[in-house]
Amino acid sequence: MNIVQGNIEAKNAKVAIVISRFNSFLVESLLEGALDTLKRFGQVSDDNITVVRVPGAVELPLAARRVAASGKFDGIIALGAVIRGGTPHFDFVAGECNKGLAQVALEFDLPVAFGVLTTDTIEQAIERSGTKAGNKGGEAALSLLEMVNVLQELEQQL
C-alpha cells in the first residue's frame with residue numbers, strides 16, 4: 001500500500017496571503033495566526049510570504065486568481081470575515097467567495113486555504129479569530145502547508 005501525506009514543514013514554500021480589509025479588527029488576528037503558523041511550524045521565511053490586501057471578501061477570489069496566475073507561489077491563504085446580518089447579503093458574499101476561491105484552486109492546481117470566517121454573530125467571529133475556538137487563520141495556514149507538501153509528494157510519486 002502506498003500512502004501519500006504531507007507534513008507541515010515547508011521552508012522553501014512561497015505563500016501569498018490574500019486578506020480582506022472589511023472587519024479588520026477580526027481579520028488582523030487571523031493574519032497574525034496565519035503568519036505565526038507559517039513561520040513557527042512551516043519554517044517559512046518572511047521573504048517567502050506576500051500579503052495582498054483587498055477591500056472585502058467578494059474581492060478575494062479575483063486577487064487570488066491573479067496571484068495564482070503569476071506562477072510565483074506554492075499556495076494561497078485567503079482570510080476574511082463575513083458576518084450574517086438581517087438581509088440575504090451574507091449568503092451571496094459567503095457563497096461566491098467560497099466558490100470563487102475553490103475555482104482558483106482547481107483552475108491553477110494550487111492549494112488555496114479557506115480562512116474566511118462565515119459566522120452568524122460577531123461573538124462567533126471573535127471566538128474563531130483567536131479566543132475560545134482557536135484561530136482559523138492559523139488553521140488555514142496549517143492546511144496550506146500540508147497541501148503544499150501533499151501536492152509535491154503526488155507529483156513525485158505519480
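Placement of Cβ uses the backbone N, Cα and C atoms for every residue, glycine included.
What Swiss-Prot says about this one:
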type	residues	note
ACT_SITE	His89	active site, proton donor
BINDING	Phe22, Ala57, Val58, Glu59, Ala81, Val82, Ile83, Phe114	5-amino-6-(D-ribitylamino)uracil binding site
BINDING	Gly86, Thr87, Arg128	(2S)-2-hydroxy-3-oxobutyl phosphate binding site
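Taking the features listed in Swiss-Prot, we show where each one sits on the structure.
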residue	record	DSSP (3 states)
Phe22	5-amino-6-(D-ribitylamino)uracil binding site	coil
Ala57	5-amino-6-(D-ribitylamino)uracil binding site	helix
Val82	5-amino-6-(D-ribitylamino)uracil binding site	strand
His89	active site, proton donor	helix
Phe114	5-amino-6-(D-ribitylamino)uracil binding site	strand
Arg128	(2S)-2-hydroxy-3-oxobutyl phosphate binding site	helix
Spatial neighbour of Ala57 (5-amino-6-(D-ribitylamino)uracil binding site) that is closest, considering only the recorded positions Gly86, Thr87, His89, Arg128 and their CA atoms: His89
Among Gly86, Thr87, Arg128, the record's (2S)-2-hydroxy-3-oxobutyl phosphate binders - longest CA distance, Å: 23
Candidates Gly86, Thr87, His89, Arg128 (recorded positions) - the one closest to Glu59 (5-amino-6-(D-ribitylamino)uracil binding site) by CA: His89
Protein Cβ atoms within 10 Å of Thr87 ((2S)-2-hydroxy-3-oxobutyl phosphate binding site), excluding its own: 8
Residue among the binding-site residues Val58, Ala81, Ile83 whose Cβ has the most other Cβ atoms within 10 Å: Ala81
Residue among the binding-site residues Ala57, Glu59, Gly86, Phe114, Arg128 whose Cβ has the most other Cβ atoms within 10 Å: Ala57
Separation of alpha carbons, Ile83 (5-amino-6-(D-ribitylamino)uracil binding site) and Arg128 ((2S)-2-hydroxy-3-oxobutyl phosphate binding site) (Å): 12
